[in-house]
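What follows is a set of notes on a single structure, which appears directly below.
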Amino acid sequence: MSKRIAIYGKGGIGKSTIVSNIAAAYSKDYNVLVIGCDPKADTTRTLIGKRLPTILDIVKKKKNASIEEVLFEGYGNVKCVESGGPEPGVGCAGRGVIVAMGLLDKLGTFSDDIDIIIYDVLGDVVCGGFAVPLREDFADEVYIVTSGEYMALYAANNICRGIKKLKSNLGGIICNCRGIENEVQIVSEFAGKVGSKVIGIIPGSEMVQKSEIDAKTVIEKFGESEQADLYRELAKSIYSNEDFVIPEPMGVDEFDEFFRGFQ
C-alpha cells in the first residue's frame, strides 16, 4: 500500500522545492513517484535536471501514449510526471490534472511497487481540477505549505475550506520561511486556529536558489548541509505522522482579525 501525500499551497510559495527535496530524501529508502499538478510544470525540474514534457502536451500529439512516454526517472530513481496546463488565457488550468490522473490510472502507474506518491498541487483555488487528487481518492493526506505572509495564509485558509468540504485529512502546515517578523509564531497560531499543527519549519537559504539554478535539489547539491538535513527531518515527520484532522477554516473577518493581531 503506497503512502499517498498531497502538498498544497499558494503559487510561488515553494511547494515544488519542498516536494522535490522530500522526494529526494525518501529515494534513499523508498520507491517514489512525484506528480506535478501545477500548470507551470516545474515540480520535477530539480529531480530530472530539466523540464519534462507534460502529459497534456504528450496526449495532444499521441492519444494512446504509453507509460514510458509519460513517466521519467530522475535523481535517486524517483519517478516523475508533469500534468501540465493550457496555454495562458485558454481553458481551465485544472484540466491537466484531470487528464493526467485519468491516463496514469489507466496505464497502471499507481502500482504496488511504489512506496510513496507525492502530488504537488497549486492551491490558490481548490477548483474541480486541482481537487482531483483528494476528490477522486488518489491521495490520503494533505499538507499545506505557507509562509507568515498575509496572502500565503489567506490561500492556506481557503485550502482548508476545500479540504473540509472534501472531508480529507490534513496532516499539518509546513512553514517555508520568508524571513518576516514573528513568522513561525504567526504560522503556528494559524495552524492552531484551523485545528492542525506545524509539521516542519524550513528557513530561507541561498542554497535553494543555487541548487535550482543548477536544476538540482538541495539534497543532491548540498547533501551534507544543515538545509538538506531539515528536508530529511521534514520527510521523516511526514512519513511517521499519524495525527490528522478535518480542518476548521476561519471566516474572512475572523482571518483578517487574526492577522491584524500581529501588526
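Using N, Cα and C of the backbone, Cβ positions are placed for all residues, glycine too.
Taken straight from Swiss-Prot:
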{"type": "BINDING", "residues": "Gly9, Lys10, Gly11, Gly12, Ile13, Gly14, Lys15, Ser16", "note": "ATP binding site"}
{"type": "BINDING", "residues": "Cys92, Cys127", "note": "[4Fe-4S] cluster binding site"}
{"type": "MOD_RES", "residues": "Arg95", "note": "ADP-ribosylarginine"}
With every protein chain in view, what's the tally of Cβ atoms within 10 Å of the Cβ of Lys15 (ATP binding site), excluding that atom itself?
28
Around Gly12 (ATP binding site), how many other C-beta atoms are within 10 angstroms of its C-beta?
12
Find, among the binding-site residues listed as Gly9, Gly11, Gly14, the one whose Cβ has the highest number of other Cβ atoms within 10 Å in the structure shown.
Gly9
For the recorded ATP site formed by Gly9, Lys10, Gly11, Gly12, Ile13, Gly14, Lys15, Ser16, which further same-chain residues have Cβ atoms within 8 Å of the site's Cβ center?
Leu122, Gly123, Val145, Ala152, Asn176
For Gly9 (ATP binding site), which of the three DSSP-derived states applies: helix, strand, or coil?
strand
If you skip the near sequence neighbours and keep only those at least six away, which residues in the chain come within under 8 angstroms of Ser16 (ATP binding site), Cβ to Cβ?
Gly36, Asp38, Asp42, Thr43, Arg45, Thr46, Asp120
